[in-house]
Amino acid sequence: MLGQQQQQLYSSAALLTGERSRLLTCYVQDYLECVESLPHDMQRNVSVLRELDNKYQETLKEIDDVYEKYKKEDDLNQKKRLQQLLQRALINSQELGDEKIQIVTQMLELVENRARQMELHSQCFQDPAESERASDKAKMDSSQPERSSRRPRRQRTSESRDLCHMANGIEDCDDQPPKEKKSKSAKKKKRSKAKQEREASPVEFAIDPNEPTYCLCNQVSYGEMIGCDNEQCPIEWFHFSCVSLTYKPKGKWYCPKCRGDNEKTMDKSTEKTKKDRRSR
């Protein structure tokens, strides 16, 4: 009885091994066919693309020649005929450009289809345990809760201040309107104005009562904030709108409570108190 079971197991293993070998052989054959035929198909498309490009260059030269004749021609009838030639040449150049785009699209689809075909065939040899692990990982990734949008508690470290300055600097660069087109510049200005209005009148959020408060307004952190460079500042962080800032200033910056004559200098009395504490 035991011998029959062993023979059945051996037979099943042999069948599985034979089936796997057959699938592997088929995969290798299909792979070789795809790899061998792909260069020929690509070369044919490249040759067609080169021919279209030559015709396109000839058409552009024809357009230049006709346009030069048109500028020098004084006869109205002759100018009208040249206009028709110029129009036909422009239409021809557009058609050639469309054909070139179509050929390039065909080349891209050809490569993608071959790669997709090989990937589909390779799944036959994937380890079942590995497939199960990949499936479980995908389920875990999809079931993870979304990250909280609440700003983390700020700490009094130079590293956190630098990171805040870097983030504000990047956002400030995005807010500056580019000098390309008037329409884009107007849209940028509208978005920047709307952003400033949102910062001036923040929306009521579900606030944690234990969350720390900052700024002169004694509210929680939101939007863009800047840190006072006075290490002894009791408030430390300020909203841009509360201190009349639209972008992060260069160099050091002191809050209204710690500054001296201007926002770049510290109050002398505050600086003196700081030195006295160090001497103690």
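Each Cβ is built from the backbone N, Cα and C atoms, and glycine gets one as well.
From a predicted model like this one, the values you see are computed outputs, not experimental measurements.
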LYS184, LYS195, LYS264 - residue that Swiss-Prot labels as SUMO1 cross-link: LYS195
Entry from the binding-site residues list CYS233, CYS258 having the most other CB atoms no farther than 10 A: CYS258
Whole-number Å value for how far ASP229 (site 'Histone H3K4me3 binding') lies from HIS239 (Zn(2+) 1 binding site) (Cα to Cα): 15
DSSP three-state assignment for TRP237 (site 'Histone H3K4me3 binding'): strand
